[in-house]
């Protein structure tokens, strides 16, 4: 029978519930269990697709085109699985589904209520995740903090699941904070006690408490928490700030967290073999080289907006025993006069995805700098589109060339709406989303990176290169090295007379893994190291 683990949070948000859930998933997978994982977000948006990155961080796209929470990126990178649309559920999705059923008459004229209709819909999403993946274990993270009004239906639903399928098949893990008061020189357990009290008042008794802390937790403190929270002392797990995220699974294993889980759920799988993971962490801690990459974006104040890009750069660096330092460059501040000052000390330049016109001209200036000064360049989504516009303006001399997204009246729409997007009015869920094939041309940097004729990558865009300009740009040295199999859509571009200048319409960062870097990122970091050594 499938086992269910629920991860909740208390005291404050951003405690690392997602990393805790992902780390436990990795440990259970290494015990030979088939693990899947999902995130429940209590906000009323259907998905984060139309939310500002300042509100929510990056939007992580799954193979099947779901726009999801950034925690799914952590899940995929840690557990090394590809998740699907069932892995992220929001209050908006739940209510939307229930209202559609009500309109269809599926409730037989009954009064639709939070209990049982909303809670039943939530439970069905939990069970469906296990059914769709044939999982041995389903880990579900509940977003937000215990005590939030928005979380109550989710907490009630997961409380009911224990009654539905039996206590041996359900486990609750609660993540809290033990603050350290520097002035008093003390750590305080009271916030955790109150958080657990709140959770218990809702009918949920946690089986494990994971305490986030910047200082070591003494045995006396663990005993105190165990007494007041009514759990075994061994089930108080310390989650101290780590030097690398990838060390967290090892820390949890040292404290026997996965064994406690298996004992409670009556799973007799052998201990997790973490030899390869330990070697990875040792490598990360002992990188001998450095390279600096300029990330030119418009959301640089909130680095979570580009979290998968940064992780993909790090993964690529691990292959070369290299610590990749990211220099955050606000695209709105970049001008032709100061670009040398802002990016001149870096070994490579990366322009990530985005929407809208803010910061676009600064990104184009940075791209021009990379092209003219032979600096390794990687463009992603909007970065690829702007690389095309920069070339059209400054090499072909098409003054005013632009994207019709940014300037609908441009005389040269190098980037234009996909044909199927012309009549679309809604913003949410209407982009070209998910995994699509890309055919590569031989003897190109893209082909050399992948070493395969056809690759599959995840997309999230509405605009595309305008094929009207392909012949003239090809004559001028612009290479269309990746296209859709029918040749209609441009997927990858690069430059002939440049050491390494590649840009992709898709989002390669979404499939990178710590032990298996994404090929374009791998070769971009390699080119950046070569550039550094040649200076």
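Including glycine, each Cβ sits where the backbone N, Cα and C put it.
Taken from Swiss-Prot as is:
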type     : residues                                             : note
ACT_SITE : 381                                                  : active site, nucleophile
BINDING  : 13, 148, 149, 150, 188, 189, 190, 191, 192, 193, 224 : CTP binding site
BINDING  : 14, 15, 16, 17, 18, 19, 71, 240, 241, 242            : ATP binding site
BINDING  : 54, 354, 382, 383, 384, 385, 405, 462                : L-glutamine binding site
DOMAIN   : 292-534                                              : domain 'Glutamine amidotransferase type-1'
REGION   : 1-267                                                : region 'Amidoligase domain'
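Comparing Cα positions, residue 382 (L-glutamine binding site) lies closest to 18 out of the binding-site residues 13, 18, 192. Within its own chain, residue 192 (CTP binding site) has 10, 11, 176, 177, 178, 209, 211, 225, 229 as residues 6 or more apart in sequence whose C-beta sits under 8 angstroms from its own. Classification of residue 192 (CTP binding site) by DSSP places it within a helix.
Other Cβ atoms within 10 Å of the Cβ of residue 383 (L-glutamine binding site) number 25 in total over all chains. Of all the binding-site residues listed (188, 190, 224, 462), 190 has the fewest other CB atoms within 10 A of its CB.
Taking CA atoms as the reference points, residue 188 (CTP binding site) and residue 71 (ATP binding site) are 28 Å apart. When the binding-site residues 190, 354, 384, 385, 462 are screened for a C-alpha within 10 angstroms of the C-alpha of residue 71 (ATP binding site), no residue qualifies.
Separating the Cα atoms of residue 190 (CTP binding site) and residue 385 (L-glutamine binding site) is a whole-number distance of 53 Å.
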